[in-house]
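Please read the structure below before turning to the comments.
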Amino acid sequence: MSGSAVWHPFTQHGLGDPVPLVTHAQGAALYTADGRRVIDAISSWWVTTHGHCHPRIVEAIRAQAGALDQLIFAGWTHAPAERVAAGLTAMMPEELTRVFFSDSGSTSVEVALKMALGYWAHTGQPRGRILVLEHSYHGDTIGAMSVGERGVFNAPYEPLLFDVGTIPFPVGDGANTLEALEAACREAPAAFIVEPLVLGAGGMLMYPPALLSAMAEICRRHEVLLITDEVMTGWGRTGTLLACEQAGVVPDILCIAKGLTGGSMPLAVTMAREEIFMAHWSTDRAKMFFHSSSYTANPIACAAAAANIAIWQEEPVLDRLADLGTRQQALLDRLAKLPGVGATRRCGTIAALDLEVPDGGYMSSLAPRLLTLFREADVLLRPLGNTIYVMPPYCIDDADLTRIGDVIEMAVRAVLP
Ligand code: PLP
């Protein structure tokens with residue numbers, strides 16, 4: 001072995017790409033050991049909402065690290081977790097009364113699935129089938145992969161994945177989706193899990209709020225639990241705190257992570273309606289919710305989340321989102337004119353465009369070439385195959401956003417004939 005021992009995620013080491021060493025970050029910028037300033041155009045995998053190293057979050061982490069670093073969370077509690085739970089129940093839909101902590105988006109999904117099955121089991125009507133939307137991504141643990149799109153991400157692990165009912169992604173007015181969901185709901189599945197408004201890793205695919213409302217209504221009518229995975233869309237990404245808000249939808253179970261700590265520490269929560277909590281509430285110890293990890297509700301991560309919640313409560317975050325959305329649209333309008341650019345779309349602060357190539361999809365041969373051009377131009381962008389998307393921290397300024405546009409234009413012109 002030579003060089004670093006690190007095995008990176010979603011990285012083909014055999015391609016021999018350089019792996020930049022980052023020493024520090026501020027706002028929308030990363031700084032490398034060799035003196036480069038790199039614009040973080042994808043918020044370091046969609047997590048950094050207010051910008052890197054936001055002073056209020058940094059201070060909260062510092063203070064908490066010196067006070068209480070870690071605590072077993074089974075039967076014990078601490079002030080940062082209580083602050084987060086109180087903050088979330090105050091700012092999220094009031095029907096979501098319970099807050100269960102975990103460590104990542106994937107685990108928040110695992111928890112949601114277990115809660116749904118626990119609900120049915122403990123109310124004496126066991127159900128097991130999960131419905132999913134085509135092209136979804138919910139994480140890389142076994143359960144999360146099972147409810148995600150089957151394909152290159154998980155092909156070798158197929159024997160470990162459980163069977164689900166797949167509802168087709170909406171085409172045109174979405175009647176295909178609604179009819180399939182209606183039919184599948186008649187079979188009494190346990191739950192339908194969905195990414196609201198934007199399917200992220202599936203290619204930044206977007207669908208309108210009215211369709212989400214209609215899907216939620218079908219679930220409600222058939223008493224199928226609705227799980228919304230707002231791991232990516234939550235915390236303002238789609239222009240509102242939650243994407244569900246735009247559809248007037250309140251799920252039975254909600255997954256949030258990424259921006260929960262402003263993108264500073266690993267933490268997630270799964271929020272649930274009271275009925276789901278109460279299905280587990282009993283003097284029977286066998287009905288307790290059997291799920292945890294060593295670091296569930298880590299106090300330092302919770303302190304960061306509490307600081308993020310305070311920023312949302314005290315600063316004009318929604319105004320920043322609206323402003324960024326407008327600037328993202330201008331960027332898209334500019335890029336849409338480039339030869340070879342096909343569909344463009346935007347939802348809140350997420351802007352995406354498809355390049356017209358014969359080999360579309362995640363494994364498009366274009367992706368590694370684009371990645372290299374972006375890296376060499378000091379912009380962190382990670383195309384999903386032939387789809388380029390921009391999802392910057394909310395604090396990004398005009399100069400950096402213009403530079404992102406310039407670099408995308410340069411790269412598109414370089415890779416397309
Ligand atoms: N759900 C969605 C919608 C996501 O976009 C992601 C990650 O990108 C996950 C779940 C998994 O989250 P994590 O990477 O924190 O496990």
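Heads up, residue numbers simply count up from 1 along the chain you see.
Just so you know, glycine gets a Cβ as well, placed from its N, Cα and C.
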Checklist entry - What does TrEMBL list, out of ASP40, ASP229, ASP354, ASP359, as binding the same pyridoxal 5'-phosphate as GLY105, SER106, SER293, SER294? => result ASP229
Checklist entry - Pick from ARG375, ARG382, ARG403: which one does TrEMBL list with TRP45, TYR137, LYS258, SER292 for the same substrate site? => result ARG382
Item to check | Residues among the binding-site residues GLY105, ASP229, SER292, SER293, SER294, ARG382 that border ligand 1 - Cβ under 6 angstroms, in sequence order | outcome: GLY105, ASP229
Checklist entry - Which value in Å gives the longest Cα to Cα span across the substrate site residues TRP45, TYR137, LYS258, SER292, ARG382 as recorded? => result 32
Next on the checklist: Whole-number answer please: how many Å between the C-alpha atoms of SER106 (pyridoxal 5'-phosphate binding site) and SER292 (substrate binding site)?
Outcome noted: 13
Item to check | Alpha-carbon distance [GLY105 (pyridoxal 5'-phosphate binding site); ARG382 (substrate binding site)] in Å | outcome: 19
Next on the checklist: Rank aside, I only need the closest one: which of the binding-site residues TRP45, TYR137, LYS258 has its C-alpha nearest to that of SER294 (pyridoxal 5'-phosphate binding site)?
Outcome noted: LYS258
Item to check | Entries of TRP45, LYS258, SER292 which, being binding-site residues, have CA atoms within 10 angstroms of GLY105 (pyridoxal 5'-phosphate binding site) | outcome: LYS258
